[in-house]
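Participant: Here's a structure for you.
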Amino acid sequence: MAKSKYEYVKEFEKDDKMLQNVFILVRIDGKGFHKFSAAHNFTKPNDERALHLMNKAAQTVMKELHDIVLAFGESDEFSFLFRKSTDLYQRREAKIVTTVVSLFTSAYLYFWNDYFPASQRPKYPPCFDGRAVLYPSEEEVKDYFAWRQADTHINNLYNTSFWALVDQGGLSPKDAEIRLSGTDSKDKNEMLFTEFNINYSKLPAMFRKGSTLLREMVAKPPKGEPTEDGSTEETPGNVETKASKEERASTVEDEGANDGVLATDAAPSTKRSTSPSSEPGSEGASKVLPVRMKKGIVIDFVDIIGEKFWTGRGAYILASESRWKKKKTTK
């Protein structure tokens, strides 16, 4: 390519390549979302539509950026963890952060009507900011996500108590703040149960635990067989199939290739009958076929504090880099 005399201006660009051999964590936050949620009449203390829209936007980001191995969201924020050896954009901070933020924001707007069909579009554009943080070891990564989930619980318990006092208790916002001042988790739980008959532990897990996005193998439905709501919702291959919808959102984004049969002790049966009755000796019994599996991005509401998650479903997240397939990344 021919050079021009003006090309020298590139010398003023800052070299912002992030350190090698450390984990990159990108967190996005809604800017001015107190005002945005009020303008769009979001339900207090939690609006399921808004939370599911956030999850969908995060799912879109993970679908496009394959080096993201885990995402966690609460309220108007989402955190994305990149695999340690990612070379996306040659690890340039500005490129990575702006790509995540812009893709998340565009997806939030693109899918808006799927969750808020009554309004053709937002009253004004939502805005998200973002930052990148580097973590040197697995310990800091685990502690980071434990911090965010603990924050989810603290904030949700307070907000649930606050709005119960306002909406059901008839207190003004100022009086509700005074009432909650100096209370701990035990006090709030007791108040919710005794005064408002609210069992906090029975509230939807998405509110209490936040949303965790994982890459897992999922069952691929037979051709022509719709899912429960006609969408792409399917059952994760290694979680209990009868879990309630409130406890697990099994929304899955198909990652395309790599179809196969799941082989894991924790998975449900990977056999599917071709007829309603396939028990031995029953009339009309037919051949039992293996269930086809595919890679997907699963949204779930689980505990990620403690080793159980990181040695179970989350074991792949911090797995040895040699297990990752080398893929070409955008430069």
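Heads up, the Cβ atoms here are built off N, Cα and C, so glycines get one too.
Unlike curated entries, TrEMBL annotations are predicted automatically.
Not my notes, these are from TrEMBL:
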DOMAIN    6-136  domain 'tRNAHis guanylyltransferase catalytic'
BINDING   Asp29, Gly30, Lys31, Gly32, Phe33, His34, Ser75, Asp76  GTP binding site
BINDING   Asp29, Gly30, Asp76  Mg(2+) 1 binding site
BINDING   Asp29, Asp76  Mg(2+) 2 binding site
DOMAIN    140-245  domain 'Thg1 C-terminal'
REGION    220-287  region 'Disordered'
COMPBIAS  242-251  compositional bias 'Basic and acidic residues'
COMPBIAS  273-286  compositional bias 'Low complexity'
Participant: Over the domain 'tRNAHis guanylyltransferase catalytic' (6-136), what is the model's mean pLDDT?
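Facilitator: The answer is 96, the mean pLDDT of the model over that range.
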Participant: Residues with Cβ closer than 8 Å to the Cβ of Phe33 (GTP binding site), same chain and 6+ apart in sequence?
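Facilitator: Listed in sequence order, they are Ser75, Asp76, Pro126.
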Participant: Specify the secondary structure state of Lys31 (GTP binding site) as given by DSSP, simplified to three classes.
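Facilitator: Assignment for Lys31 (GTP binding site) reads coil.
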Participant: When DSSP is mapped onto helix/strand/coil, what comes out for Ser75 (GTP binding site)?
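Facilitator: Where Ser75 (GTP binding site) sits, the three-state DSSP reduction gives coil.
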Participant: Tell me the Cβ neighbour count for Ser75 (GTP binding site), meaning other Cβ atoms within 10 Å of its Cβ, over all protein chains shown.
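Facilitator: Neighbour count, Cβ to Cβ under the 10 Å cut-off: 21.
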Participant: For the binding-site residues listed here, Asp29, Asp76, which shows the highest count of neighbouring CB atoms within 10 A?
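Facilitator: When each Cβ's neighbours within 10 Å are tallied, Asp76 leads.
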Participant: Determine which residues of this chain, when Asp29, Gly30, Lys31, Gly32, Phe33, His34, Ser75, Asp76 are set aside, have a Cβ within 8 Å of the centroid of the GTP site's Cβ atoms, and list them as they appear in the sequence.
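Facilitator: The surrounding set, listed in chain order, is Phe36, Ser37, Glu77, Phe128.
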Participant: Could you check the binding-site residues Gly30, Gly32 and say which one's CB has the fewest neighbouring CB atoms inside 10 Å?
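Facilitator: So among Gly30, Gly32, the binding-site residues given, the one with the fewest Cβ atoms within 10 Å is Gly32.
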